[in-house]
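If you check Swiss-Prot, you get these features:
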| type | residues | note |
| --- | --- | --- |
| TRANSMEM | 27-47 | transmembrane segment |
| TRANSMEM | 98-118 | transmembrane segment |
| TRANSMEM | 129-149 | transmembrane segment |
| TRANSMEM | 165-185 | transmembrane segment |
| TRANSMEM | 203-223 | transmembrane segment |
| TRANSMEM | 248-268 | transmembrane segment |
| TRANSMEM | 269-289 | transmembrane segment |
| TRANSMEM | 297-317 | transmembrane segment |
| TRANSMEM | 340-360 | transmembrane segment |
Amino acid sequence: MIIYATAVQTINSFVRLESLKEVYGLIWIFVPIFSLVLGIITGVLVIVWLEREISAGIQQRIGPEYAGPLGILQALADGTKLLFKENLRPSRGNPPLFSIGPSIAVISILLSYSVIPFSNHLVLADLNIGIFLWIAISSIAPIGLLMSGYGSNNKYSFLGGLRAAAQSISYEIPLTLCVLSISLLSNSLSTVDIVEAQSKYGFWGWNLWRQPIGFIIFLISSLAECERLPFDLPEAEEELIAGYQTEYSGIKFGLFYVASYLNLLISSLFVTVLYLGGWNISIPYISILELFQRDQIFGTTIGIFITLAKTYLFLFISIATRWTLPRLRMDQLLNLGWKFLLPISLGNLLLTTSFQLFSL
């Protein structure tokens, strides 16, 4: 009996140990996801504060200054206010579409962050088709906007949803062609491989110098995808009140607000990854990989800092563009996408393909 009891205790302790391993395994799965979401939320709050400060400087006025030091908690205060506001529903709208639309817009953009390499080996999902996964997922967001516009049963909302879909289709194609040119130069669709392909010559190894036309087209197309001035036709205040957001209030309106800045941040991160060398130091023959091999924590920290510095540089350009340029007309926006950016990006892809073939 003593031997039997000892065997039972051994088995029970083994089962408990295996259960603890499974629990710890699940925890370690969610730790990087939670860290990424926390970092994204912090980044969005910083962007909102930066936009308020930069716009105040451009317009020669005082920005937010009461909510926290230098007004840095103003975005948090706005989010809290929206959280406690009443959620109104249009009486004759389509409740399922009206409720699901904002969630689709936010979730589709959030999933795109999984393929962003913030530093060496610091990426949630290093996929062989990472760059195409971003394009595929980001094309889902306009469907949510169209659902929101249709489900609101409002002519302004519906027109805003249609404009969002038309604008996304018009600028998604030139953006995809620019991404194809980059993947041809790097011989890979992985975001990590694209960054590493730019690491050899430092500043001069960036794809910005090898693809200047593609960079400009990608810049314009990404701003149009973010629906920011001068491309904010889907929510033009003078024409459509607030576009597809007209009937929304409370937390659902806040989701659209967050989705706009999430889209701006992911576009800036992809500009950094595709054209500005990602996490690499802009000094020839000095790579983050060398620092990472010496000290992993120090190398990772430096890589994150460099990635975010390049990202926020592009964000400054995007914010300054919003507050300095006038809005385009709808016909001008579509003509720019279909008659100019699409042929130029296609020609750029053909030139890149030709150079790659001749260099073999």
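Cβ atoms here come from the backbone N, Cα and C positions, even for glycine.
Per-stretch counts of Cβ pairs under 8 Å to the transmembrane segment (248-268) identify 98-118 as the leading one among 98-118, 203-223, 297-317, 340-360.
Counted over residue pairs 6 or more apart, the CB atoms of the transmembrane segment (340-360) and the transmembrane segment (165-185) come under 8 Å in at least three pairs, which marks the two as touching.
If you look at the transmembrane segment (129-149), the same-chain residues 6 or more away from its ends with a CB under 8 A from one of its CBs are 97-98, 100-105, 108-109, 111-112, 114-115, 157-162, 164-165, 167-169, 172, 175-176, 179, 182-183, 189-192, 194, 225, 234, 243-245, 248, 256, 259, 263, 266, 270, 274.
Using a Cβ-Cβ cut-off under 8 Å and counting only residues 6 or more beyond its ends in the same chain, the transmembrane segment (98-118) has close neighbours at 36-37, 40, 89-90, 124-127, 130-131, 133-134, 137-138, 140-141, 143-149, 151-152, 191-192, 195, 244, 247-248, 252, 255-256, 258-259, 262-263, 266, 269-270, 273, 278-279, 303-304, 307-308.
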